[in-house]
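Below is a structure I'd like to ask you about.
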Amino acid sequence: MASSRCPAPRGCRCLPGASLAWLGTVLLLLADWVLLRTALPRIFSLLVPTALPLLRVWAVGLSRWAVLWLGACGVLRATVGSKSENAGAQGWLAALKPLAAALGLALPGLALFRELISWGAPGSADSTRLLHWGSHPTAFVVSYAAALPAAALWHKLGSLWVPGGQGGSGNPVRRLLGCLGSETRRLSLFLVLVVLSSLGEMAIPFFTGRLTDWILQDGSADTFTRNLTLMSILTIASAVLEFVGDGIYNNTMGHVHSHLQGEVFGAVLRQETEFFQQNQTGNIMSRVTEDTSTLSDSLSENLSLFLWYLVRGLCLLGIMLWGSVSLTMVTLITLPLLFLLPKKVGKWYQLLEVQVRESLAKSSQVAIEALSAMPTVRSFANEEGEAQKFREKLQEIKTLNQKEAVAYAVNSWTTSISGMLLKVGILYIGGQLVTSGAVSSGNLVTFVLYQMQFTQAVEVLLSIYPRVQKAVGSSEKIFEYLDRTPRCPPSGLLTPLHLEGLVQFQDVSFAYPNRPDVLVLQGLTFTLRPGEVTALVGPNGSGKSTVAALLQNLYQPTGGQLLLDGKPLPQYEHRYLHRQVAAVGQEPQVFGRSLQENIAYGLTQKPTMEEITAAAVKSGAHSFISGLPQGYDTEVDEAGSQLSGGQRQAVALARALIRKPCVLILDDATSALDANSQLQVEQLLYESPERYSRSVLLITQHLSLVEQADHILFLEGGAIREGGTHQQLMEKKGCYWAMVQAPADAPE
């Protein structure tokens, strides 16, 4: 297939993908500053009347958004599909579109906000006129100051919504929200409580500012008492709302966990038989239980904190803008310095820590090597050489320790100095605003307290976000099971009132999916008739159990057809089919529940105690069950280890007989039964009046059962070598006769 890249013309040097991305972004921002800043206001000054400044700034902003969005699409299109050379650029390129939106909407949104808060105030129009005109350089810089943090937040939150990778499970957040189901209302109520609690929490800074003004103005005692009372009421209400919100959220996450775990387990149960052979039971259970529990715990703790601080930060940002746009812009501009610089220095410090540990390990290795080989060191008189080598390693550690100390000091310094510079900047600008009368001293105190809470909220969000992203990413493993399409055919619709039990294998071939080139069965053609017992015998590995598995619809033939009363087996409804076709294996599964429930396992209608007892009597299980202290109510452990092999087989046979199947499969199901129980099974197969209402496929080691069969098939190498009654096959003196003469090689 031809490459999708066109060859570059001779003499032309193509830019790497990352360089192209940087160049396109720089040109886009340069065009925004040089062209859009001056051109768009001039164009709309001709189109929009001067009397409508707010409409004009919105027209400029939306047009700017459209142009920048088209440019961002062009840059993305030029770099999409490139290989690993610009894999690193793809991360920040994804923020171009939200940056375009933020740049276009920053000034219009700010202008609208200023208009709303200054509604009806004298001189308010003049105070916002510069903001209305986007060509002013200061306003344009303000748009970038507001847009960069907004775009970063938008991009970070948007990365939680990205679809899964190849073969993934789609959008993980949408899938998790889909698991809420009826709990969506509760989550909505939780978000409302978060908003109300966050607003109530802001009462302390607000009333602290008002009390500051009261102190400076020497206000009345009633004003002080009223403000203090309101602050106390709002603070208590905020705490109560937070408590209720946490309770609702944790309860909702508990419901989501139960629902999700049930859905995953149900999806696993719908998979084909090969799925359970290719995946270990422990791995499957890890997905069903541990992965869902880990996801639920992570979402309950981390997502709750993330939502609280996200809403709190947004509320604080809105109130800060309400209080002072200029001080808020100073806060937003310094946020990258406040968090990114300490983060970079912290990485340098962590790298030095790793190097120190590695150097310590190397020095220890030198000492261990010398001490463990002292005879060799002494025989070569190299004691001083080993000591010198150890001193060199210690010198390396000393140098690294000095660098680590410097890095620690720089890390601590950058964290404290960046926070201090922000406070100094706010106090300096705020002091000028107080001096000019633009804000009161109390308002400045309130803003400083809000700014401290806002900075703390951003810091918490930056620390929690990776954990939330990891939790959302881990949900993709769970959704792999939910989205996996079973390879077995869907359940059919046939549920006839009467089924004779005529089974026809028509040229059936089969190979297991994990070894498709190895045919286990080759062109099998035979019939199981109602009222007859067909015995299937042959050496180990000849495919007898595979025939039983095909008849249970656990696998699908790779060739030929398997018919039940003339209809393909998959056309029957799943539950109906397994009521009519019952099987008992050599090592049947007994579940961790009562013996009564084990016998009635899988029945949609609960059988009576008489029916359960009758089935147990026929299988030989009643004799030992009745001797137990609690009888049929005796609880069995998870693996049924308290029962012997014969007792488990008897219980499993009763579980099959209670269904009154028209097709009964006994796959070495009597190998562990005692003599009395085997005699009961023999009478059940050949003397019971019910034998005429069912077809029986018998696979057994006991020749006494085989000899009485109506038809015997000898299977070898996946093909039927001979068939007939016991007498006919013995007269032929073929494969069956040889097997009978050699008991050690008797069939399974």
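Yeah, the Cβs are placed from backbone N, Cα and C, and that goes for glycine too.
The following feature annotations were taken from Swiss-Prot:
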- 1-15: topological domain 'Cytoplasmic' (TOPO_DOM)
- 16-36: transmembrane segment (TRANSMEM)
- ASP32: site 'Inter-subunit salt bridge with TAPBP' (SITE)
- 37-53: topological domain 'Lumenal' (TOPO_DOM)
- 54-76: transmembrane segment (TRANSMEM)
- 77-92: topological domain 'Cytoplasmic' (TOPO_DOM)
- 93-113: transmembrane segment (TRANSMEM)
- 114-133: topological domain 'Lumenal' (TOPO_DOM)
- 134-154: transmembrane segment (TRANSMEM)
- 155-186: topological domain 'Cytoplasmic' (TOPO_DOM)
- 187-470: domain 'ABC transmembrane type-1' (DOMAIN)
- 187-207: transmembrane segment (TRANSMEM)
- 208-227: topological domain 'Lumenal' (TOPO_DOM)
- 228-248: transmembrane segment (TRANSMEM)
- 249-298: topological domain 'Cytoplasmic' (TOPO_DOM)
- 299-319: transmembrane segment (TRANSMEM)
- 320-328: topological domain 'Lumenal' (TOPO_DOM)
- 329-349: transmembrane segment (TRANSMEM)
- 350-418: topological domain 'Cytoplasmic' (TOPO_DOM)
- 419-439: transmembrane segment (TRANSMEM)
- 440-443: topological domain 'Lumenal' (TOPO_DOM)
- 444-464: transmembrane segment (TRANSMEM)
- 465-748: topological domain 'Cytoplasmic' (TOPO_DOM)
- 503-742: domain 'ABC transporter' (DOMAIN)
- SER545: Mg(2+) binding site (BINDING)
On the 0 to 100 scale, where does the mean pLDDT of the topological domain 'Lumenal' (114-133) fall?
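Across the topological domain 'Lumenal' (114-133), the average pLDDT comes out at 48.
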Quick check for the class: what is the C-alpha distance, in angstrom and rounded, between ASP32 (site 'Inter-subunit salt bridge with TAPBP') and SER545 (Mg(2+) binding site)?
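Rounded to the nearest whole number, the Cα-Cα distance is 74 Å.
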Going by DSSP, is ASP32 (site 'Inter-subunit salt bridge with TAPBP') sitting in a helix, a strand, or coil?
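DSSP assigns ASP32 (site 'Inter-subunit salt bridge with TAPBP') to helix.
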Can you tell me how many other Cβ atoms are located within 10 Å of the Cβ belonging to SER545 (Mg(2+) binding site)?
19
Would you mind pulling the DSSP three-state label for SER545 (Mg(2+) binding site)?
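Going by the DSSP assignment, SER545 (Mg(2+) binding site) falls within a helical segment, counted as helix.
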Just give the helix, strand and coil counts over the topological domain 'Cytoplasmic' (350-418), going by DSSP.
65 helix, 0 strand, 4 coil
